[in-house]
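Undergrad: Got a structure here, written out as structure tokens. Questions coming.
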């Protein structure tokens with residue numbers, strides 16, 4: 001089994017602290033991004049907690065008066081909390097049923113990635129009209145929801 005991010009952070013700090021001139025250490029929770037790219041919200045959240053543990057290890061092992069710890073992201077993901085889920089709802093569960101098409105949707109929803117469909121409402125009609133004129137349709141837009149029962153949470 002691989003060491004955790006917190007274990008690797010601890011080992012790195014213990015080695016680097018031997019340098020009397022100080023050190024710079026970059027710790028990346030890269031699996032957060034990997035999970036988001038696969039629309040695996042549960043895994044992304046779990047990996048975020050792993051990063052939190054690593055930050056806590058760094059705080060515990062370094063003197064606050066001599067240490068600057070910065071926690072940031074290099075980019076974001078198109079993950080949103082949908083609708084108005086009831087308090088204490090499972091964040092990885094079904095949020096509600098759409099009033100438009102009666103399809104259930106998850107509380108957490110990605111706006112792109114696996115399952116994303118770039119067709120927009122009305123695009124099919126535009127495409128037909130353009131094809132009648134001999135042209136085509138370019139562009140994308142808002143995606144249609146995927147079937148949440150097939151979501152890899």
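Backbone N, Cα and C atoms are what each Cβ position is placed from, and that goes for glycine too.
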Undergrad: Between 76-114, 115-153, I'd like to know which one TrEMBL lists as region 'Disordered'.
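TA: That would be 115-153, the stretch labelled region 'Disordered' in TrEMBL.
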Undergrad: Given the Zn(2+) site residues 33, 37, 74, 75, which other residues of that chain have a Cβ within 8 Å of the mean position of their Cβ atoms, reported in sequence order?
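TA: Sorted by sequence, the hits are 32, 36, 73, 76, 77.
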Undergrad: So among the binding-site residues 37, 75, who's got the most Cβ atoms within 10 Å?
TA: 37
Undergrad: With every protein chain in view, what's the tally of Cβ atoms within 10 Å of the Cβ of residue 74 (Zn(2+) binding site), excluding that atom itself?
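TA: For residue 74 (Zn(2+) binding site), the 10 Å Cβ neighbour count is 7.
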Undergrad: Counting other CB atoms within 10 A of each CB, which of the binding-site residues 28, 33 comes out lowest?
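TA: Fewest other Cβ atoms within 10 Å, among the binding-site residues 28, 33, is found for 28.
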